[in-house]
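Okay, structure first, notes after.
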Amino acid sequence: MNQLAMVNTTITRPLANYHSSVWGNYFLSYTPQLTETSSQEKRELEELKEKVRQMLVETPDNSTQKLVLIDTIQRLGVAYHFENHIKISIQNIFDEFEKNKNKDNDDDLCVVALRFRLVRGQRHYMSSDVFTRFTNDDGKFKETLTKDVSGLLNLYEATHLRVHGEEILEDALSFTVTHLKSMSPKLDNSLKAQVSEALFQPIHTNIPRVVARKYIRIYENIESHDDLLLKFAKLDFHILQKMHQRELSELTRWWKYLDYENKYPYARDKLVECYFWATGVYFGPQYKRARKTLTKLIVIITITDDLYDAYATYDELVPYTDAVERCEISAMHSISPYMRPLYQVFLDYFDEMEKELTKDGKAHYVYYAKIETNKWIKSYLKEAEWLKNDIIPKCEEYKRNATITVSSQMILITCLIVAGEFISKETFEWMINESLIAPASSLINRLKDDIIGHEHEQQREHGASFIECYVKEYRASKQEAYVEARRQIANAWKDINTDYLHATQVPTFVLEPALNLSRLVDILQEDDFTDSQNFLKDTITLLFVDSVNSTSCG
């Protein structure tokens, strides 16, 4: 008899009855032999890469062709091969613009908007005043722009890099959405697909792997596409996909070793979805160790979340919280027997992390991981305490705690620890205590989760979400609470963009995980992580199952 079966059955538990795994042992079939990259594939990739590099070198920086080429390379998911060249080119484009901006009379909306997005995407502040020439005396965008579909599409994409106070970009967003929606049915198939995908999920708030997978199909159907670029993008995606399949196979074996079904039947079986999150943060070949560590962490977070949220009693959670804070094997005897397997996984996770970091001379990084872990586990207990005492807190009090329970900052700090780069003490302290991007990413995660999971959670005993807190505090309707949550999410994105543009003392590799974590949450439809049988299943299939050479890309 397993330990859960021996737990007192008279205890009332708020069981969530989650569905079984969508994937099961599916990825075990991807053996090392099946997922090995052949020497011919490696050689062909290098040859194509050199040809694309030559295209970048030979195309003048201050030309429309260079902007389009960089944009295409980024969308196809192969920009990571040419980071330095792209960085230098965009710097040159920005410097040339700054030098001549008073003389700049470019009336091509497509070019102005594309340049704006690419320049801001490389963390250079270009003023949104570049768009005033496309407005009338009353500040409204000119109706003649509605004839320029590509211009509207590029302007729409550019608006998602806005910061606080940029009213012209707020107006541009409304203007472009209205007109792109109305004209979409009349467009040719290629342009219609681009508009439809952009309205569904703009580039800036989408994860790069999903952008690449879908754009390969769109680009293939553009008559003027470059065959060499397309071939390179497909081969690169294919090679990375095989690497991801191999990693999923290894992690599935680890998952089976944990004996999930017997030891954690109260929790969601989400190994593959957790790996999807890790890949959304770091997809490149140099981040294998980071993906493995992040996947294990997100698995631990998921099981712990379900333990606190959908199984354990408050009296069981108090000693468990204390044990996690102590992070010592001697705390094992103080917790309920059925909790011990999870606690052991937690201890093993930190032991493994410490050993790996010690090899790299970075053992002191674990200190930051443990600080964030302690904040996180205590915030769970606070939530359980509110539930036990039927407390619906004020919105600000709720957010202070709930932006910790959502675990974004703990994941973010772990990203920095395992990325393989040197991170100074000052950078850790800035990210934890001073940044806008970390709390903004946490808030997006929290509020999006509360919006999409609200109805599902009402089916059982559950702690208050932002929706309940707002309704009670402001005597508002649920619909008004949803509107407020979405407003705060939009503002949080502006905070992320602000740090990305202005926190120039912080390297880009430090900020990108927070940006990608926010993107991962933003793409979720309904309660996709919990009920991953629909949109998320299709997305995972696109990335890790379907061949990029197949005719259908979703």
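From the backbone N, Cα and C atoms, a Cβ is placed for every residue, glycine too.
Keep in mind the model is a prediction, meaning the values are calculated, not measured.
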Expected hit for motif 'DDXXD motif' in Swiss-Prot across 175-179, 260-264, 305-309 is 305-309
Long-range Cβ environment of ASP449 (Mg(2+) 3 binding site), under 8 Å and at least 6 residues apart | VAL406, VAL521
Among all the protein chains here, how many other CB atoms are within 10 A of the CB of ASP309 (Mg(2+) 1 binding site)?
-> 22
Can you tell me the three-state DSSP label for ASP309 (Mg(2+) 1 binding site)?
-> helix
Around the Cβ of ASP305 (Mg(2+) 1 binding site), other Cβ atoms found within 10 Å total 16
